[in-house]
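Peer 1: Quick one: this structure, given as structure tokens, is what I'll be asking you about.
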């Protein structure tokens, strides 16, 4: 692996430097350098200050891979990255083993729905019947009775049921909603107490006394019990009736039977399996909202073996605005699920957002002779995947198939190991792997015979590994000896795939030793010949001139493609290159044969990506032009200075770095215009500019700046003329000579602060006040906002709103007085969030008044004003009244997302 990472290739480099915000799946066959891409990408993200090393998580299939990571990343200059084996990702000790059927069911994505039902099954409003007292007079109704000191409080059963329903239908984990009900019940009891004994209701401890009241505790425990995650799962597994209720319509009878398991004497004694631990995490999220640590970027190796439930769990570990590099080969999938494409895992890892598949189709590690040998098998197990083309030949003896007799198998195996040990280069012993079928006696027998053989010295034995077929995934050796391939191929649905993995672990030679005939799928050369079109597709995919980014194209939709994209054919102009259409998350998917007007969004290695979304094609605004002009000239000014004493140099360098980044990330409104302004450079040249700005800023910060060295670097980069040309074009377009706002720029920030700020605010939606209201008025608005934001419920609603705006491909912002603002296609919208218990008409009226006050401070009034509630309004007429009286729209959180008549417009539709 160290050799691989030291010789990164161009097709791999494009993936290494891909946009940090991507969920990028790298599909590549044996030896294509997927792991090298993942490790280089980690270093690139850290070096370019997109993430800190501590904020990156690398997940590998086994300890050997993590050892590689620990050795290789420091050689690339990266330390302190978190690395963990997939099986160690979930807390708890794994002491049991599932049957294949049980594992498939537990790891299926449908299990999440079963577990959700299991949690909700503990909500039992019917239990209220046994806790009520009879009506005390004619016309009365059954009631809940609670004694507070000497005062008896009665709450009608219907009101308690309404409180239960209100809490249960709200947002949040199970226990949070349970505590919400307790609070609502205590509020109602306090209201009752205030009507009977007003003075008693004003004492400081009465609320705490009611919360701890034995009858209140008993009522909550009876109607809303809340067992822990382990007890919830144990009861699901050992109670057939409960399992049938929770899995009805989700799992069939055979699948339910596979889950049944008697409970042990204690939870610690239960045989918890790896898939149980994943289910337990899901339950903890549902019950208490406990989530695992989150990371800015996650690299997942051998991702084709992820189960849907594991993919859900990994998504939880990706922080807001985070990204993933997902490495795998569908042809090597041998897990409980054998995916035919990346669609399901891509959707789960991206939380049904945007993601893409990139393909590596050149095998640098595996010799061509071995790839030719396994080609028929590859076509059989993954006919729709491009087969990697090897670039290196190892010679005529690179592949040997040796037939032997069963009674000679052990002796012949040892003899071949001894032969392979003699192939060292004279200074370094070559590594040899002997791969045997799983669950066979050969593992111990061959290991023992090699240890006893006098022809294999002690030092040589250290380089020999004897492994079961299931253990070799992700490994590589100089020489590989595969024993009894037919037996490996016959081991279940994944047998042929395990054989394919075993046969492609070598960098030098492959020996196949067998007593039974070779599997027909391995020797079926006709299948290989028939697959020639697949190879042609791989080589021809890049044919045709690359269309410029931003080119308008009219296409017809042909059908779905991997990665949530759509295959299309060009109508006008005709492009000699494969095309795919990407659709913004939440947009209406195109229909087959539909005609779509779109534009070129990106040119990938094997295809061109189109989009119909116009975001990104906005012209450079006058406000941004001033900032760009200052940035475009900063390298020249610094190179001509003596000591780097240039006004606002680091701020301007940050802006120049941001100009390159907005093109690389394709995440800002004017990125296509900036690309054309620079003369349509490729991603590699943009990376040079971005890195030049970043290193110069770092040199200024660390006081190591050298003007002469910078002048040489700028000349060598080839950016001198493009930057000057871009500056002249902006000056001609806007008539600007200097950057007027430069003096108003903030003081230099740390690079990560600048990048975080740029990601948070795509546009300055909240400008300075138009008429400079009195300072006291602004301070009052800031103080009010500060007080509101001390409420956790208020902040939960505010951040949920921002998340939804981001999912709608918008860019929310905020300020000291504005909870959320956002520019949509309808103009500037302002949003005001309300906290817990502020859903009555009086609360909405106060919120609407504050929105109008905030709107008054802006130079230009907003185009839309929205109140955002944590739950539906208390009165069903209040939202309409607020809209009619104040022209303020009202939306609220609901179990399925957002409610209210104005939900669509609130998110830019």
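All positions are counted from 1 along the displayed chain.
Glycine is treated like the rest: Cβ placed from N, Cα and C.
According to TrEMBL, the protein carries these features:
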{"type": "BINDING", "residues": "28, 29, 30, 31, 32, 33, 34, 35", "note": "ATP binding site"}
{"type": "DOMAIN", "residues": "7-367", "note": "domain 'UvrD-like helicase ATP-binding'"}
{"type": "REGION", "residues": "521-548", "note": "region 'Disordered'"}
{"type": "REGION", "residues": "734-762", "note": "region 'Disordered'"}
Peer 1: Which Cβ among the binding-site residues (32, 35) has the fewest C-beta neighbours inside 10 Å?
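Peer 2: With the binding-site residues 32, 35, fewest surrounding Cβ atoms within 10 Å: 35.
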Peer 1: If one looks at the chain holding residue 30 (ATP binding site), which residues at least 6 apart in sequence have a CB under 8 angstroms from its CB?
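Peer 2: Correct list: 329, 332, 363, 365, 366, 371, 388, 501, 504, 505.
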Peer 1: Setting 28, 29, 30, 31, 32, 33, 34, 35 aside, what same-chain residues sit with their Cβ within 8 Å of the center of the Cβ atoms that define the ATP site, listed in sequence order?
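Peer 2: Not counting the recorded site residues, we get 329, 360, 363, 364, 365, 388.
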Peer 1: Tell me the Cβ contacts of residue 31 (ATP binding site) under 8 Å, same chain only and six or more apart in sequence, or just say none.
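Peer 2: Result: 363, 364, 365, 366, 371, 388, 390, 504.
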Peer 1: When you measure from the Cβ of residue 33 (ATP binding site), how many other Cβ atoms are you left with inside 10 Å?
Peer 2: 26
Peer 1: With an 8 Å cut-off on Cβ-Cβ distance and a minimum sequence separation of at least 6, pull the same-chain contacts of residue 29 (ATP binding site), or say none.
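Peer 2: Within the chain, residue 29 (ATP binding site) has Cβ neighbours under 8 Å at 329, 331, 360, 361, 363, 378, 385, 386, 387, 388, 504.
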Peer 1: Helix, strand or coil by DSSP: which one applies to residue 35 (ATP binding site)?
Peer 2: helix
Peer 1: Using a Cβ-Cβ cut-off under 8 angstroms and a sequence gap of six or more, which residues of the chain neighbour residue 34 (ATP binding site)?
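Peer 2: Those within reach of residue 34 (ATP binding site), by Cβ under 8 Å and sequence separation of 6 or more, are 26, 28, 301, 327, 328, 329, 360.
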Peer 1: Relative to the Cβ position of residue 28 (ATP binding site), how many further Cβ atoms are located within 10 Å?
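Peer 2: There are 26 of them.
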Peer 1: Give me the mean pLDDT over the domain 'UvrD-like helicase ATP-binding' (7-367), rounded to a whole number.
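Peer 2: Looking only at the domain 'UvrD-like helicase ATP-binding' (7-367), pLDDT averages out to 90.
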